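Visitor: One structure, pasted below without further comment.
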Amino acid sequence: MTTAPQPKQSIFSPELVRGAVRASFAKLSPRDQARNPVMFVVYLGTALTAYLTVANLVTGKPWGYELAITLLLLLTVLFANFAEGMAEARGKAQAASLRSAREDVKARRLVNGQEELVAGTALERGDLVVVEAGEMIPADGEIVEGLASVDESAITGESAPVIREAGTDHSGVTGGTKVLSDRIVIQITSGAGESFLDRMIALVEGASRQKTPNEIALSILLSGLTLIFLLAVVTLYPFTVYAGAPASAVTLIALLVCLIPTTIGGLLPAIGIAGMDRALQANVIAKSGKAVEVAGDVDVLLLDKTGTITIGNRMATKFHPLPGVTEAELAKAALLSSLADPTPEGKSIVALARQLGVDAPEPAGAEFIEFTAQTRMSGVDFPGTSIRKGAGSRISALAQERGGQLPPELAAITDEVSRQGATPLTVIENDRLLGVVALSDIIKPGIRERFEQLRRMGLRTVMITGDNPLTAEAIAKEAGVDGFLAEATPEDKMEMIKQEQASGKLVAMMGDGTNDAPALAQADVGLAMNSGTQAAKEAGNMVDLDSDPTKLLEVVEIGKGLLITRGALTTFSIANDVAKYFAILPALFVTAYPQLGVLNVMGLHSPTSAVLSAVIFNALIIPVLIPLALRGVPYQPMSAGALLNRNLLVYGGGGILVPFIAIKLIDLLIGGLMS
């Protein structure tokens, strides 16, 4: 992973804290508070205790206790606002850095073959723009002519330039990046304010962040618990009246605030925002919080072999001619079919042929046939000759269509190359099969261990490749994936995704080409490469700025971290209520029912100190947990059952133990001050 586009700041850096403090007070409006039902109850309780404090002050009654509770409840609300403000401030800092990458540059627009200088903001979809070395790319687009080295560090943080080329899956360019060499013609794909950078800034700022389905479900649960505790507290008041020691309204409000799940209620918005923030720290732009959340629930990962499982630099390593064909004949035919092939594989075939002393000029009247995922072959036609190279099954079918024979040795050569983990490309000239070109790749170091981790997480990995089944099987075994789809076409990918989804599975995949767009849109998590085509980036619900195919594995871990953090803090928050129950409930009834003093297991000094201690802890635990909410609970690959048991022990047990200790310490401090 590369460095993020902005300098990483510590969680509590002065700039972020100042912004979060301002946001804490700005969010005190009823409209903002009403978005969070749990904290809205605390907000209303604060207003009511403030009213009772003023009423006591005016009528000459004691008001110190009421004022203390009011200030503590206000702090609880402010701390919850501060948590959300911290998460938002981090996003705004990142957005400011991204915005600095956007410059209003001049563009050289092509009109009827003539260049005219216009403002970058005046460009519209479909315009053709010329960009040369040293110039900024004015807007998002697709290269339609040429090849260039592009500096994308303003977007990705990666200082190494990348190659962008017309007619490939790496033809997409982003406004705000800089051309370092050569000349390209770009067709603009976004209007003013609609560029990828503009959308990134809007997403990072989170101005229109929507709650995710799990977040909504949890909010409903927390609201239900709040309603139950509200009814319970209201019911307690008649009991205290009947006992002859009516509880004050302020104490009942304090009890309610301590019992409702204010900890998770105050941290929930921050956890959701922080999930998208952690994705951005990994240089992944998530188009919604839902995309990050769903990544944590994914069951099946569809992974492209090239670039994800292997290094992705397949090179021609050997020519295997059939009987009756010389190596030079095979090399020449393969070279001719690859002269216009822009792929690394095609260029390596030309290089290998020339190493063997075989060379040939481009034939007169040559028409080059590009490779497509549907045909799975490429080649060249010129007068009297038609040469194709491609997948063995497709070339064999072509040979039969042309009336040629299938030499029995072909299958043996193909199988041997495949068993070695190389990709066999079969070459045919007219109706005569010439032999096989072996393309070799290398399994990425450590990838097998990574897949083992995913298996322990309960995920199934499927390798997608255009290779024949034997090659696919050899690589799948070496890499340790759970399954593979060989000789895959875009339609095959789509069909597999639909089948998995029909069986109730959530599917994640990555892609970079226009032909990947339908599958990216169909997948529950579609990670598009920033270097890919505009269609792929539009179809996916995440974009990887580093264009690293292995990033899909990291995205899944980020999603799981988000879900685990939310679950762990919810468990901790609800477990807190047990300790606060033992602190406040005896304080309510001990005067009327002295025998209830046995419930005062913490040995708190007095009813007043008990209530104050619980409310102080209830307020302070929110800022204490902010770093955990923003960083996330560390995720370790393990089964769902083991993960649940660990979280119940750590966060459930800790949620009971920590308040017992903290409330007792606060009570000792209050008792010392009061004495």
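The backbone N, Cα and C atoms fix where each Cβ goes, glycine too.
Given the structure is predicted, the values throughout are model-derived calculations rather than measurements.
Okay, these came from Swiss-Prot:
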type     : residues                                                                               : note
TRANSMEM : 38-58                                                                                  : transmembrane segment
TRANSMEM : 67-87                                                                                  : transmembrane segment
TRANSMEM : 216-236                                                                                : transmembrane segment
TRANSMEM : 253-273                                                                                : transmembrane segment
ACT_SITE : Asp304                                                                                 : active site, 4-aspartylphosphate intermediate
BINDING  : Asp341, Glu345, Phe371, Thr372, Ala373, Gln374, Thr375, Arg376, Met377, Ser378, Lys389 : ATP binding site
BINDING  : Asp512, Asp516                                                                         : Mg(2+) binding site
TRANSMEM : 582-602                                                                                : transmembrane segment
TRANSMEM : 610-630                                                                                : transmembrane segment
TRANSMEM : 654-674                                                                                : transmembrane segment
Visitor: Of the stretches 38-58, 216-236, 253-273, 610-630, 654-674, which racks up the most C-beta pairs under 8 Å with the transmembrane segment (67-87)?
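Guide: The stretch with the most close Cβ contacts to the transmembrane segment (67-87) is 610-630.
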Visitor: For the transmembrane segment (253-273), what are the same-chain contacts with Cβ under 8 Å, counting residues 6+ beyond its ends?
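Guide: Here the qualifying positions are 36-39, 41-42, 45, 48-49, 69, 73, 76, 79-80, 83-84, 86-88, 91, 206, 209, 211-212, 215, 218-219, 222, 225-226, 229-230, 232-233, 236, 289, 562, 565-566, 569-570, 572-574, 576-577, 580-581, 583-585, 588, 611, 614-615, 618, 621-622, 625-626, 629-630.
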Visitor: Around Phe371 (ATP binding site), how many other C-beta atoms are within 10 angstroms of its C-beta?
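Guide: I get 18 for this one.
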Visitor: Could you tell me what the rest of the chain brings near the transmembrane segment (654-674), counting residues at least six beyond its ends with Cβ under 8 Å?
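Guide: Contacts with the transmembrane segment (654-674): 571-576, 578-580, 582-583, 602-606, 609-610, 612-614, 616-617, 620-621.
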Visitor: Other than its close neighbours in sequence, what residues sit by the transmembrane segment (38-58), given a CB gap under 8 Å and a spacing of at least six beyond its ends?
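Guide: Non-local partners: 28, 30, 66-67, 69-70, 73-74, 76-77, 80, 222-223, 226, 230, 249-250, 253, 256-257, 260-262, 264-266.
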Visitor: Using Cβ atoms and a strict cutoff of less than 8 Å, what residues sit near the transmembrane segment (216-236) while being 6 or more residues removed from its termini?
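Guide: The answer is 36-38, 41, 247, 252, 255-256, 259-261, 264-265, 268, 566, 570, 574, 588.
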Visitor: Hey, what's the Cβ neighbour count for Thr375 (ATP binding site) at 10 Å?
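Guide: Its Cβ shell of radius 10 Å holds 16 other Cβ atoms.
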Visitor: According to DSSP, which of helix, strand or coil covers Thr375 (ATP binding site)?
Guide: coil
Visitor: For Asp341 (ATP binding site), name the DSSP secondary structure in the helix/strand/coil scheme.
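Guide: DSSP assigns Asp341 (ATP binding site) to coil.
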Visitor: Nearest of the recorded positions to Asp516 (Mg(2+) binding site) by CA-CA distance, picking from Asp304, Asp341, Thr375, Met377?
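Guide: Comparing Cα positions, the candidate nearest Asp516 (Mg(2+) binding site) turns out to be Asp304.
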Visitor: Taking 10 A as the limit, how many CB atoms besides its own sit near the CB of Asp516 (Mg(2+) binding site)?
Guide: 28
Visitor: At the Cα level, what's the spacing in Å between Asp512 (Mg(2+) binding site) and the residue listed as 'active site, 4-aspartylphosphate intermediate', rounded?
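Guide: Rounded to the nearest whole number, the Cα-Cα distance is 10 Å.
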Visitor: Tell me, how many other CB atoms lie within 10 A of the CB of Lys389 (ATP binding site), whichever protein chain they belong to?
Guide: 28
Visitor: Any idea what the Cα distance is from the residue listed as 'active site, 4-aspartylphosphate intermediate' over to Lys389 (ATP binding site), rounded to a whole Å?
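Guide: Cα-Cα, rounded: 22 Å.
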Visitor: Work out the three-state DSSP category of Asp516 (Mg(2+) binding site).
Guide: helix
Visitor: Check the DSSP secondary structure of Asp304 (active site, 4-aspartylphosphate intermediate), expressed as helix, strand or coil.
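Guide: Once the DSSP labels are grouped into three classes, Asp304 (active site, 4-aspartylphosphate intermediate) ends up as strand.
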Visitor: Among all the protein chains here, how many other CB atoms are within 10 A of the CB of Asp512 (Mg(2+) binding site)?
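Guide: Looking across every protein chain shown, the total is 27.
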